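Taken straight from Swiss-Prot:
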| type | residues | note |
| --- | --- | --- |
| DISULFID | Cys26-Cys58 | disulfide bond |
| DISULFID | Cys33-Cys52 | disulfide bond |
| DISULFID | Cys40-Cys59 | disulfide bond |
| SIGNAL | 1-22 | signal peptide |
Amino acid sequence: MKILYLLFAFLFLAFLSEPGNAYKRCHIKGGHCFPKGKICIPPSSDFGKMDCPWRRKCCKKGSGK
């Protein structure tokens with residue numbers, strides 16, 4: 001049973017520390033995840049939620065106020 005706990009902890013840490021894939025779909029479009037209330041200018045730079053976390057949306061870099 002201890003082995004299962006150790007295995008689970010190891011797998012959890014392995015996925016938690018995986019580098020470079022956070023919000024990959026948004027970054028491929030040239031954007032970053034911003035708070036949902038942010039206005040993206042021009043509107044074509046607002047990609048919506050995509051793979052951003054809850055209450056955030058993907059906007060093109062350097063857009064909005």
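Along the chain as shown, the residues are counted starting at 1.
Positions of Cβ are set from backbone N, Cα and C atoms, glycine also.
Features per Swiss-Prot, on structure.
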residue	record	DSSP class
Cys26	disulfide bond	helix
Cys33	disulfide bond	strand
Cys40	disulfide bond	coil
Cys52	disulfide bond	coil
Cys58	disulfide bond	strand
The rounded CA-CA distance in Å from Cys40 (disulfide bond) to Cys58 (disulfide bond) is 9
Spacing of the two Cα atoms, Cys59 (disulfide bond) and Cys52 (disulfide bond), in whole angstrom, works out to 10
Cys26, Cys40: which of these disulfide-bonded residues has the sparsest Cβ neighbourhood within 10 Å? Cys40
Do you know offhand how many angstrom separate Cys26 (disulfide bond) and Cys52 (disulfide bond) by C-alpha? 7
Among the disulfide-bonded residues listed here, Cys33, Cys58, Cys59, whose Cβ has the fewest other Cβ atoms inside 10 Å? Cys33
Taking the Cβ of Cys52 (disulfide bond) as the centre, how many other Cβ atoms fall within a 10 Å radius? 22
Separation of alpha carbons, Cys58 (disulfide bond) and Cys33 (disulfide bond) (Å): 5
Sorry to bug you, but what's the C-alpha spacing from Cys52 (disulfide bond) to Cys58 (disulfide bond), rounded to the closest Å? 7
